[in-house]
Every structure is written in structure tokens, then in C-alpha cells.
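Student: Structure provided below as C-alpha cells; questions to follow.
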Amino acid sequence: MATGKTSSAANLFTGSTRFDLSSADSPPSKLSLSSDQLNHCHQALGVFRGKIQNPDSIAHEFTGLQANRMWPSELLLNSTVAMNSVNVEKNRYSDVVPFDKNRIVLNPCKDSSAKGYVNASLIKTSESESISQFIATQGPLPHTMEDFWEMVIQQHCPIIVMLTRLVDNNRTVKCGDYFQDEDGPREFGNISLTTKWIKTTDTSLMLRNLEVNYKETEDQPMSVLHIQYPEWPDHGVPKDTVAVREILKRLYQVPPSLGPIIVHCSAGIGRTGTYCAIHNTIQRILAGDMSALDLAKTVALFRKQRIGMVQTMDQYFFCYNAIVDELEDLTAGTNAGTSS
């Protein structure tokens, strides 16, 4: 970790439309928080620490979330486009599909009968330009990779967070290889992809600077930072919160106005929902939105936008632990009511 290097948290709340990838492979810099932001973090830390000291209350929250989860019959009624016969094979899992109301729509798309379908959901807690929006999506299938990259271009997504391996330890395919590990172009239909560089961090994150563009265009290619954390087990949690929080630290300086952050695992709900909940909670606390202290309400809102977000009790506890660890980092060496 670089020492003595700080950057202002103000970048989180600007309307900038630029993101410089030239230093994306450097260690994330420490945020310099305002006195108000420090006070918000101290207040939130007290609340979340109190919750962790009473694990039964956290378990009770998750049990309540599970009791109110959507039933399969409701999913059928709310996901008619996903269940259309022309789109069924585009779903990695038949019981994890986007709702009609907030699905990402590809426009134009090659097949009008598909109604621009891609298994991806827009996830947000507000319309504020200071808070990131996410696209929660499944790991692309071999026949949906072009759709995935079409979505990246159309939605102007500067970041892809990948929380899975391509193949798990049981040799089960969890995600299609929609990028490449060697230099040189790769084509997905009318889309060309080039890997500019690949870096591995001390926390096992793999960083890729990708450039994507339509093949027959004179426009400048779009730069995308691809962050992969392959050590997060399916349906489980990492042994600690360090790598997951490093992803967040690397994204602090990405202006939300650039476009949604794509987050995916295999199904796009468990690990994906967990990361989105952590990122969203910390970001809202820094923005002074103290309703973020109600994690159950945040997850419930996410589940209204994509079924099953934060899939297991362990993942829900991991959210609490990661939030506390990050708040402790942000407030290290300071006291409540001070900015030093």
C-alpha cells in the first residue's frame, strides 16, 4: 500500500465524465475525508459495531428477509420477457432472471422478438448523481457474450467487477470466457475487444485494462477497468474482507456519473448482491445518507430489483463485517468530531 498518498473524497460527488485508467494498476490511495464525512463514519461505525456484538439481531434480520422473498409464481408474473421462449436459453439459471420493470434493454438489438433481452438488472437506491448505480448480471454464456459487450457499450459502463472464477474447483463452468488473457484483439460479432494490460495485486485481484469498440467505426475505443476476484467461493464468503474492500477502494475515485458499475458472479445475486450492498452502504454514509445504516432495508430494496440479492446468512454477516472493517479504515487515527 502506498504511504502518504491521499486523495479527496470530493471526487465521489462530482459530475465528472472522465476516468483515467493510466494509474488504475497502482495501489489505491487513502481518502482524505471532510469533518462531516468523518463524523458520519464514526456514527455509522458505532451502529454497525453494536449490531456485530449482537449476532442474533443480524440473523433475525436475514430471517425476515428470507420470509419476505419472492415466490417462483411471482417471478413468472414479473419477468415475462426473460421467460419468453426466444430468451429462455439466454439465462444461466432458470430461477434467476431480471424483472421486466428494471431489466437492461439492448437497443438496437439483432432480434426484435427478443425485445433487447439480456439477463441483467439495474440496481439503485436513489437517483442521486453522487451514488453509484449497478448492473447486476449473470456470468455470460458463450452465446450471450456479444450481448454482454453490447450492454457495456450502450450503458457506458467504465467498470466490470467479476466475483467468480470461470470454472470452480469442482470443474463446473461458472462463467464464459468473455475476455482474454493475452494481448491482441478478440471479436464478439460486431464488437472488438483488446486487453491492454493485466496486473495481479497482493490480495489476489486481477486487474485488466480492456478496450472495446464496434469493429467498423472510427470512434475512439471505450476503456474498461475489469476487476476480478477469483477467490470468492460460490454461496460462501472470503476468509477476510481485505480483497473485497480493495475493490471498493479502487472505485472510490470513479465518478458515478460515468455510468453504472457492472457486477457479476455466476448467477448475479449472491456474491454480486453482497458486494453491491457493501459498496452502496459505505458510499451513502460518506454522502451523509444515514438511512444506509439500515442494511436490511437496503437488501430488501435490492431484492425488489433482482431476486435473491445477498443469498445466504453468511453473506449477510459478511456485509456487516466488511462495512465495519472499511469504516475502521476510514476513521483510523481520528476521533469523532475532528478532521485530523
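Cβ coordinates are placed from backbone N, Cα and C, and glycine is handled just like the others.
Pulled from Swiss-Prot, these are the listed features:
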type: DOMAIN; residues: 58-326; note: domain 'Tyrosine-protein phosphatase'
type: BINDING; residues: Asp234, Cys265, Ser266, Ala267, Gly268, Ile269, Gly270, Arg271, Gln311; note: substrate binding site
type: ACT_SITE; residues: Cys265; note: active site, phosphocysteine intermediate
Student: Hey, of the binding-site residues listed (Ser266, Gln311), which one tops the CB count within 10 A?
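Tutor: By the 10 Å Cβ neighbour count, Ser266 comes out on top.
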Student: My understanding is the cutoff is Cβ-Cβ under 8 Å with a sequence separation of 6 or more in the same chain; which residues meet that for Gly268 (substrate binding site)?
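Tutor: Spatial neighbours, sequence-distant, of Gly268 (substrate binding site): Val96, Asn119, Ala120, Ser121, Ala136, Thr137, Gln138, Gly139, Arg306.
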Student: Measuring Cα to Cα, how many angstrom lie between Gln311 (substrate binding site) and Cys265 (active site, phosphocysteine intermediate)?
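Tutor: The separation of the Cα atoms works out to 12 Å.
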Student: Among the recorded positions Asp234, Cys265, which residue has the fewest other Cβ atoms within 10 Å of its own Cβ?
Tutor: Asp234
Student: Which residues in the same chain, at least 6 apart in sequence, have a Cβ under 8 Å from the Cβ of Gly270 (substrate binding site)?
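Tutor: The list for Gly270 (substrate binding site) reads Asp234, His235, Gly308, Val310, Gln311, Thr312, Gln315, given in order along the sequence.
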Student: Give the three-state DSSP assignment (helix, strand or coil) for Gln311 (substrate binding site).
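Tutor: Coil, per DSSP.
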Student: Give the helix, strand or coil assignment DSSP yields for Ser266 (substrate binding site).
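Tutor: It is coil.
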Student: Which chain neighbours of the substrate site, leaving out Asp234, Cys265, Ser266, Ala267, Gly268, Ile269, Gly270, Arg271, Gln311, have a Cβ atom within 8 Å of the mean position of the site's Cβ atoms?
Tutor: Val96, Leu163, Thr164, His235, Thr272, Gly273
Student: Check the DSSP secondary structure of Asp234 (substrate binding site), expressed as helix, strand or coil.
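Tutor: It is coil.
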Student: Can you give the mean pLDDT for the domain 'Tyrosine-protein phosphatase' (58-326), rounded to a whole number?
Tutor: 95
